[in-house]
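Data block below; observations after.
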């Protein structure tokens, strides 16, 4: 199993690469790519960690050597948020980066499962889909927007509030991956109940958690370490499922039946070829139903922005 990380010299990429080097199954290969000249050195640095995961780093304009034979590609390349920016301010720079990298994937490893981490995910996933479609290699079961950070944040905040162990809380999060499009299904956590005020406050905190980190880092970056952990969790789940493990479920942002929007984050049963089954979002509370209906316009606009970027 070969996993490629594109954008591997950045804050998310380095954290992700470290976690994959220590946690991928023995015999896996890890390839790191970034435009930055330091990238081969990041791979050398990580190669000294004693695990049975082969690692190689590549830099420059051409990602092809890193992509050859890749089964999974995780894209974290792009610029990070600064205070005062929202994820959509990143669009102007990151849209072009994602388009370029996905064009290279379409040529070099069109069969690979692709996880998009680069924000704004609501839009960059639509860009990737259109690029793959133009190249004639699009498989909607193999393209994911990685929303796992919303899930791990939800798990952490709920556990803190309710005095539970964070490892035993699992909150499904649906919708998209920015602001109001992030919808944690707090009504679906077994054995935990909330007041209306707690639900309103928690939902808002989860939606704004990225901004919390950007502000706390005071201009020095955005959520890189927790995002690295979230991306590793998703990537490792995908690898386990592709290697035949049964019952692996993760929420991610994928193209579905279009019932709510063309792309939508929901629980997915993962399998050998990516998405095996798009699972139901279950029964929503009145609050969740209202939040879902209220976000769809925003989500659809985000998606259209990505489609238009490729097709204009």
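In case you wondered, yes, glycine gets a Cβ from its N, Cα and C as well.
As written in Swiss-Prot, here are the features:
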- 177: active site, proton acceptor (ACT_SITE)
- 7, 8, 9, 10, 11, 12, 13, 34, 94, 117, 118, 119, 227: NAD(+) binding site (BINDING)
- 81, 87, 119, 153: substrate binding site (BINDING)
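Counting every protein chain shown, the number of other Cβ atoms lying within 10 Å of the Cβ of residue 9 (NAD(+) binding site) is 24.
The Cβ neighbour count for residue 11 (NAD(+) binding site), using a 10 Å radius over every protein chain in view, is 18. Recorded residues residue 118 (NAD(+) binding site) and residue 81 (substrate binding site) have their alpha carbons 11 Å apart, per Cα-Cα distance. Between the listed recorded positions, namely 153, 177, the fewest other CB atoms within 10 angstroms of a CB are found at 153. The secondary structure of residue 11 (NAD(+) binding site), as reduced to three states from DSSP, is helical. Cα separation, residue 13 (NAD(+) binding site) to residue 119 (substrate binding site), rounded: 14 Å.
Within the set of recorded positions 81, 119, 153, 177, the entry lying nearest in space to residue 7 (NAD(+) binding site) is 119 (CA atoms). In this entry, 7, 8, 9, 10, 11, 12, 13, 34, 94, 117, 118, 119, 227 make up the residues listed for NAD(+), with the farthest two CA atoms of the set 18 Å from each other. Here is what falls inside 10 Å of the CA of residue 94 (NAD(+) binding site) among the recorded positions 81, 119, 153, 177: 119. If you compare Cα positions, residue 153 (substrate binding site) sits closest to 227 out of the recorded positions 9, 11, 177, 227. If you measure from the Cα atom of the residue listed as 'active site, proton acceptor' to that of residue 119 (substrate binding site), you get 9 Å.
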